[in-house]
Every structure is written in structure tokens, then in C-alpha cells.
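Report on the following structure.
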């Protein structure tokens, strides 16, 4: 009965052309779907640091509150705090766990959470778990956010949460304007800087990009699995926030901590981003890609991030399959992740790509769209 039920549901997914399956990235010559924006996952120094961390064991053996707290964890948290210019930080097992754990711990029943309509699924899930009241404001629409805040300012606790860089379009939230608004309404701002850390603000992230100083009511969440090139998540803010999360954030309390090797590699990655300004090469590639992609008509507006939505509608799946035949990995993004008619190939570039890579991609898409 159970097997048959699953088969029926899977067939329904296939019938709607929404079926997903795993692919091995080693099968491709050119990867345009990676989040490894700075190429740090394959950096020799990062790998050496990872191997050094193995001396403390292959696994962490427990949660941070039991047997899984190492000096390396606390060292990484210090490195992140300095990097993000905050008082303290806390490392989570993933970016998803960080968003879910922070939001569900801070927002309670009777509180109000205002969320951008295009926020990541982990933010949406965190709000659901919190049982707080939720209102959605139009995408990056500051005026709409003000209107909603004005109508609901009687709430004692208000949290505004937004992605910094939106993962499907690569556009950037107007954090500078939102930061001013939350002060006026005595609200808290949670920023998911997953795609901004290592990319914007000379690598420091979105606050630095907008020249907004970290403050008591701004919380920065990030991931180690994108530009940093390892795995895990983190949150940065005031000391009392971190102490509160250690005692109240369920995804932190009840998760096995990250292995020492991952922590060691992450420390090295942050050092490299800080000292070598790795985002410089990425910025050059973004300028190059902007020109080529726009000339070929794949984008209308230039980007300041490495994410490009090539919107082809329903043709996106077939074009993606065609790219695979040419050794190019470009993931098709379909409904319900994006609206119907807005299906796209999400192209992400890295500091390791070269101009000829962009040219090759454009040439093959041109042929596939004739």
C-alpha cells in the first residue's frame, strides 16, 4: 500500500514535468550551477587545512552542548565575528538549520514577522515553526514594507526578514533603506546573507556593500557552503543574541556539530577571503559576463552578483538537457520554485571561470534556441 501510494505520487510529479533526479557534477566539463563563487572548495590551502583538522577525528561525535564542542568551533566563531564586525557568532550544521533555528527561536506566538515574497524556503519554514503572525511584503518594495509596518505597529515584537541576494534572480535587497526603517519602528532585521558573504562588500557581505554598520537590532545569517567553499551555517550579532540561541535554538541544540576538518577548512577560507580579496577576480568576471550575456539577449539588466536568470519559460528544461550534451551543467529552475512562465536556467559564475567559458556557454545556448 505504502509503495503504491508513493509510486502514484511520483507519477503525478512526472506527469507535470516536475520530476527531479540527482546528477553527478563530475560528468560535466563546465559547471555553471555551482555556488562555489570563489573556487575555495578546491583551493589547496583550504584542503590542507581540512586534512589538518582530521587529526581531531573524522566526526564531532555529538552536539555542541554535549561532546561536540571543540576549540576549533570557537575559533571559527571568533573569525566570523571579526569578519562580520559583530560581537559574537554561532556556527550551525547548515545554512538551512541556521535560518530555521534563529527565526523559530526569536519569533513567538503573538509576534509579527514581515517577510519578502521571494525569500528562501528555509526562511519560510522558520516562520512556520515559530507560530508567529506572518505578513508578506512585495519583493524589495520598501514603500509596501512601510505601509504594512504602519498598520501593524501595535505589535510589541516585530521582525523583518529578507534574503540579501535573492538566489533565483541575483538581485540585491535594499538593505540600507530597510535598516533605517526598522529603527523607526523598533523592529529587528534578520538578513540571510548566504549569497552575499564572500561576494559583496569586498567579500565582507551585504552590510559592508551598503556601508551599514552592524547594530543591536540587525542579525546576519550566512552559510559556509557557498563562497566560503565548505559546509555549515552561522549567525552573527550581539552577545546576548548568541547566548539566547545557544539556550533556545532547537536546530543548534539538537544537531551534531560540524566535524573539526570542516571547521579548520572554513577558518582558512575566511583568512583567504580577508587577506587576498578573492572577490576581485569574481567582480572582473561579473563585468565580463554582464557584457556577453546582455549582448546575446539572455539578460536585460546587468548584475552585481554572480547569479543570472536566463528565462526561457518551458523551453528551459530542453535547453538544459542540450547543454548537458555539450558538457555544460546549467540547472533548470521550474515551478513551483518560480512562477509558471518564468522557468529559467539559473546560471552562476565563479572567479575561476574564464571569458572563453562564457563565450562557449552563449554559443551553445544560441544554437539550442534557434
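Note: Cβ is positioned from N, Cα and C throughout, glycine not excepted.
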Record says 95, 96, 192, 193, 194, 195, 223, 224, 225, 226 bind pyridoxal 5'-phosphate. Source is Swiss-Prot. Which of 67, 167, 249 does it list for that same site? 167
Around residue 226 (pyridoxal 5'-phosphate binding site), how many other C-beta atoms are within 10 angstroms of its C-beta? 28
In whole Å, how far is residue 120 (substrate binding site) from residue 193 (pyridoxal 5'-phosphate binding site) when you measure between their Cα atoms? 11
According to DSSP, does residue 95 (pyridoxal 5'-phosphate binding site) fall in a helix, a strand, or coil? helix
Of the binding-site residues 95, 167, 195, 224, 226, the one whose Cα sits nearest to the Cα of residue 337 (substrate binding site) is 167
